[in-house]
């Protein structure tokens, strides 16, 4: 939380964060979201109001948390060189953990695809399962993600050169492309001929693509935040840790989607 009190001489370059309610508030909001999602999926709740309310509280708490972090970094000067280095290292560790999580799901998919059992009809996809064509919406989403990589690289180069207007355009276009991707992914789910309960194919397919979709939603929030910060002159060509982590996150998710397209949609279908 933002802390304006400086009653001591700090003899180290690190930021000692003051008490903040947002980690606890976000944790309880995420717990409520998970519970409401599970209860709704299993038919214990007849409407989505509690799930929508939990989603709103998660977004609200994360917005205020980000607001405090931006105030500490931009206006209070708490993010020294050592703090920025630690933030980048922590984000890299987060990216590695995400790659390991996706690797486990790819392992589950390939384990069943390379050795289909009798119960699946000795074939992959299982007998009677109509897979989604790789030449339809998945191909369009792949083109959208590749285009977002181009616009993001354009924004990064503009930011490094101190060109605020082109940086703003690059982040705005990237945000729009990510929103289109999530919309088309939802449309694909709507018209899919199977669900997450349709055996190992449905569960691994929706686990992989759904997890990627959740990360894309988080990326949209990060891109929107970066767009707002560029608009408010918060970034400079030498200090833009938030932009660097967002750019790295987008490229990592792009690579994950390319593997997903080749393995799940093209080869796996």
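Just so it is clear, glycine is given a Cβ too, placed from its N, Cα and C backbone atoms.
Matching 90-110, 111-131 against Swiss-Prot, the residues noted as transmembrane segment span 90-110.
Beyond its flanks by at least six residues, the transmembrane segment (49-69) meets 1-2, 20, 22-23, 25-26, 29-30, 32-33, 36-37, 39-40, 221, 225 of its own chain at Cβ-Cβ distances under 8 Å.
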